[in-house]
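S.K.: Dropping a structure here in structure tokens format, bear with me for questions.
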Amino acid sequence: MLVVIVGPMFAGKTTELIRRVERYVIAGRRAIVFKPSLDVRYDASKVAAHNGLKFDAFVIPPDKDGVEIIRKMGAEYDVVAVDEIQFFPVDLADALNQLANGRIVIAAGLNLDFRGEPFETTARAMAFADRVISLSAVCKLCGKPATRTQRLINGVPAPRHSPRILIGGNESYEARCRRHYVIPP
């Protein structure tokens, strides 16, 4: 079974991933969690949520070698979880789909980048998923459900030509509803 958890930043994707993995561990299932090496915001060796919740993880490069590590190591476990899937190459979605035959696979990631465009790896994983859990955050400006991630530079929406990947937290990003999300110029 493949479960994909998506939404904007601050929606609780990592918290939900950890919650699900912990349930299986309590039930006696062997679980392994992976995270990309470039995600060092809160803890370099654990999957860490914005709210401080953490879980031990294997830190791997977000490249084809990392996908192979997930494929090989994951085959030895009952439950395989991968956080921040948007940072991995699109091949990860195929690996997760294959691993889901015979085990529980839980993946979490952003579905849209700061430009409002889909992350290819997340979109492909969603297509293969047995279940997609779409979470929303709370709009920083009005308090309504937020489905977008706004990148800010000095408090102003980042321009479209900014790098697609920029690791950060609430100092660089805000959750926004559709009404308050500003499409980058």
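Backbone N, Cα and C atoms are what each Cβ position is placed from, and that goes for glycine too.
Not measured: the values here are computed from a predicted model.
Quick paste of what Swiss-Prot says about this protein:
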BINDING   G7, P8, M9, F10, A11, G12, K13, T14, D83, E84, I85, Q86  ATP binding site
ACT_SITE  E84  active site, proton acceptor
BINDING   C139, C142, C177, H180  Zn(2+) binding site
S.K.: Looking only at G7, P8, M9, F10, A11, G12, K13, T14, D83, E84, I85, Q86, which the record lists for ATP, tell me the maximum pairwise CA distance in angstrom.
M.R.: 16
S.K.: How many other Cβ atoms sit within 10 Å of the Cβ of I85 (ATP binding site)?
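M.R.: Result for I85 (ATP binding site): 28 neighbouring Cβ atoms inside 10 Å.
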S.K.: Nearest to C139 (Zn(2+) binding site) by Cα, among G7, K13, D83, E84 (recorded positions)?
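M.R.: If we rank G7, K13, D83, E84 by Cα distance to C139 (Zn(2+) binding site), first place goes to G7.
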S.K.: Work out how many Å separate G7 (ATP binding site) and the residue listed as 'active site, proton acceptor' at their Cα atoms, rounded off.
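M.R.: Here the two Cα atoms are 11 Å apart.
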S.K.: Across all chains shown, how many C-beta atoms besides its own are within 10 angstroms of the C-beta of H180 (Zn(2+) binding site)?
M.R.: 16
S.K.: What are the non-local neighbours of M9 (ATP binding site), defined as same-chain residues 6+ apart in sequence with CB under 8 A from its CB?
M.R.: H50, L110, A137, T149, G169, Y173, A175
